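K.L.:
Following this message is one structure expressed as structure tokens.
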Amino acid sequence: MGTTAREEMSRFWEKNSKSNRPLSPHVTIYRWSLPMAMSITHRGTGVALSLGVSLFGLAALLLPEQFPHYLAQVKALSLGPALLYSAKFSLAFPLSYHTWNGIRHLV
């Protein structure tokens, strides 16, 4: 006869509690280190880059005008240099960080 998932789980936890087996380590027991933070940032920038490229490609397919039209609209906003440079940095940082961290990993 088969058992249900609830019975199997119940039996598993009873067996573990009787034998005093330790639970799997949780994220909270690890001390933060530089390689751990760099790995997490590398994964985050990879996800951000793939989402950005996908959204840019989707916008190029679906938007009615060509890219120069939208570039002219951004220029017409007359944004200050601080905002422009921070926008450029927020676009360039993930690409450069992900690239250099990937090279570091390969080496």
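Glycine residues also receive a Cβ, built from the backbone N, Cα and C atoms like all the rest.
Just so you know, TrEMBL annotations are computer predictions that nobody has curated.
In case it's useful when we look at the structure, here is the feature table from TrEMBL:
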type	residues	note
BINDING	H98	heme binding site
COMPBIAS	1-17	compositional bias 'Basic and acidic residues'
REGION	1-20	region 'Disordered'
TRANSMEM	44-64	transmembrane segment
TRANSMEM	76-97	transmembrane segment
K.L.:
Give the residue counts of the compositional bias 'Basic and acidic residues' (1-17) per reduced DSSP state, in the order helix, strand, coil.
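P.N.:
Across the compositional bias 'Basic and acidic residues' (1-17), DSSP assigns the residues as follows: 13 helix, 0 strand, 4 coil.
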K.L.:
Would you count the other C-beta atoms found within 10 angstroms of the C-beta of H98 (heme binding site) for me?
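P.N.:
H98 (heme binding site): 19 neighbouring Cβ atoms within 10 Å.
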